[in-house]
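Trainee: Structure in structure tokens, see below.
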Amino acid sequence: MNMIRHTLVQFPLNPTPEVPHDDKNFEHKRETEMKIEPNSDDSEQKGNSSDEEGKDLVYLEEALKNVLNSSTVIMKEEEILKQFQMRLLELENENNKTLENFFNAMDQLSTDVCINSREALWSYVNDADNVGKKKYMLNIVKEDEEIKRKYWQILKERYKSDIDNATDPRLQRRIYRIHNRDTNAQIPDSEERSEINEMQSIWALAMVCPYNVSTCNADNTNLTIKDLTSVFETSNDTDELAYYWKSYRDATGRKIRPLFEKYVIRMNNFANSEGFHDMSEMWFFAFEDDNFVTTVQTLWNDVKPLYNVLHDYVRTKLKIFYEELYKRDEKSVPAHLLGTMWAQEWQAIYSKVVPYPEHHLSRLISNDTVKPKYLLDIVDEFHRSLGFESARGSYENIDESSDSNCLPSSHDMCDGINYRIRWCDDKVADVNVGLSRAARLLGHIQYFKHYRNLSLIFRDAPNPAKIKNQLLGLRFSSPEEVLEEYEKYVSELTNPLYLKSLNNFEVDTSVEANVNYLLWVALEKIPLMAYAKVLDEWRWDIFNAESEVGANEKWNEHWWELRERETGITAPLPRNESDLDPASKYQVVSHIQYITNNNEEKKRERKRKNDDVIDDIKRKNNGTW
């Protein structure tokens, strides 16, 4: 008789605040034995005694209750993790494998772990309140990071002569990729995260007191960054905006400053141990450009004239809108007037600076809403017109339910067959924003599909500076053509002339409407380039102990020097070295490069880590904020 044995664990639906959420000792249900006989029927079961049958029915009833309960997890996950750990241990202990056989075995293990990791992530993001799914997802991701570290460690120790004598370009590329993945995997889950974790904790739980409240206390200091984001997008009260701008930096950067000094030292020491001069050099390694800083500055010099034109136009318009604020002919714009907490993109102030307000952007007929699947179909059809295969399978069964904690994302399930999209809204009212999101999500899916036949090590972007949706390069012979076609692709989907050919859209195709549309796009894209360049350049200077800035630690002063010189943005209020205004940005406290922070995978990783930080702080505070 075949026997299938599952250990069922019942998780409480509402853990009490007194018991740590993740550390609660869940009650293990007794093992349930379900007896199954192949090709059996009722007549074959009649030989069982009534007592035996009664016990089986009790066990079966209990098992079904647990299986059908959404808070129950069948504990096969532990066995899966142990299997992966054993396979990795075997690879560590085997000394007789050729380099090629080692690559094959390690690639297969990496792929198997990746498939399980993506399934676990997908399961978790669709059921984020399930503690069991979250713990398994974190464990499998940790195992994935461990494999990346071991891959390089075993390779450099056991196959050093093969590495030193490698002449084949593909082999050299594989070795580089393995090393680079190891370098990127080291920080997130190592002991070097001490200050990073503390800084994330401060950032994640930062709250400020409401404007115009006479007395601030623990009860009314409850506005989060989500609340403040809404204020910056809608408020025209410059005093209110300045208050929140300063209060949020007091709650983040000012508190983080002492930790940041320790973090810089620790990161540089870690980079030294990996053979780099400092952490900035370790970051540059992934770009494969010996003159990376010069390259960035050259590219910025090409873009800056356009940025200056946009900046001058926006400054002039804001001067009219906030007439009382501009008492002199300033050439800069105060940071709190640009529609976001960090002034990194300015689309939120479009209504204040639009050149032709009587000409509206493209919109749905009768200001109606559409389902996300309709927009995804439009993008998928557009992709097929370019010669790509349909990606409809990635969103056929899309969950369109609205969830405030959801993050739109594209998922490569690592098996070369399955791809999934998470949208996060049940309806779309702004067609421009909706189509842009659809294009981004399906663009990633097309990228995944085009590289599915490669070894896992070669499926990621060639380096962090890849052109998004680089798959378009498959059809063209030069980088210039790739960029030209990419820009056409990005602008085409929300272009009024294209939307006019579709149903359900009210489109103004006048010259004035097109100018409005181009400004709407520019307000998002151009300032973001400037902000990314300045934010990362500031950190490169801080990490470089031999630079004047790195040595004298006038870090906040340097930030505003860069911000004003390169972007024409100034602080609305006086700042000093007790402040650390860049640390009000999540990427800074989380050790994430901003220039490369442009894909869904990183956004998912950022949200996962932020959720972990919040859960950890909740546990320490007995389940409360």
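Just so you know, the numbers here start at 1 and follow the chain as drawn.
Using N, Cα and C of the backbone, Cβ positions are placed for all residues, glycine too.
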Trainee: From the list Cys414, Cys424, which cysteine is recorded by TrEMBL as disulfide-linked to Cys406?
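Mentor: TrEMBL annotates a disulfide bond between Cys406 and Cys424.
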Trainee: Could you check which of 46-73, 74-101, 354-381, 466-493 is flagged in TrEMBL as coiled coil?
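Mentor: Of the candidate stretches, TrEMBL labels 74-101 as coiled coil.
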Trainee: With the disulphide bonds as TrEMBL has them, who is the partner of Cys209, out of Cys114, Cys216?
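Mentor: Here TrEMBL pairs Cys209 in a disulfide with Cys216.
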Trainee: Just give me the nearest neighbour of Asn165 (N-linked glycosylation site) among the recorded positions Cys209, Cys216, Cys406, His444, Cα to Cα.
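Mentor: Among Cys209, Cys216, Cys406, His444, His444.
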Trainee: Where Cys424 (disulfide bond) and Asn397 (N-linked glycosylation site) are concerned, what is their Cα separation in Å, rounded?
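Mentor: Computed Cα spacing between Cys424 (disulfide bond) and Asn397 (N-linked glycosylation site) is 13 Å.
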Trainee: Of the recorded positions Asn397, Cys406, His444, which sits closest to Cys209 (disulfide bond) by Cα distance?
Mentor: Cys406
Trainee: Within the coiled coil (74-101) only, compute the mean pLDDT.
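Mentor: Averaged over the coiled coil (74-101), the predicted model reaches a pLDDT of 82.
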Trainee: Of Asn165, Cys209, Cys216, Cys406, Cys424, the recorded positions given in the record, which has the fewest other CB atoms within 10 A of its CB?
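Mentor: Relative to the other recorded positions in Asn165, Cys209, Cys216, Cys406, Cys424, Asn165 has the fewest Cβ atoms within 10 Å.
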Trainee: Quick one: pull the CA-CA distance for His444 (Zn(2+) 1 binding site) versus Cys216 (disulfide bond), whole Å only.
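Mentor: That separation, Cα to Cα, works out to 46 Å.
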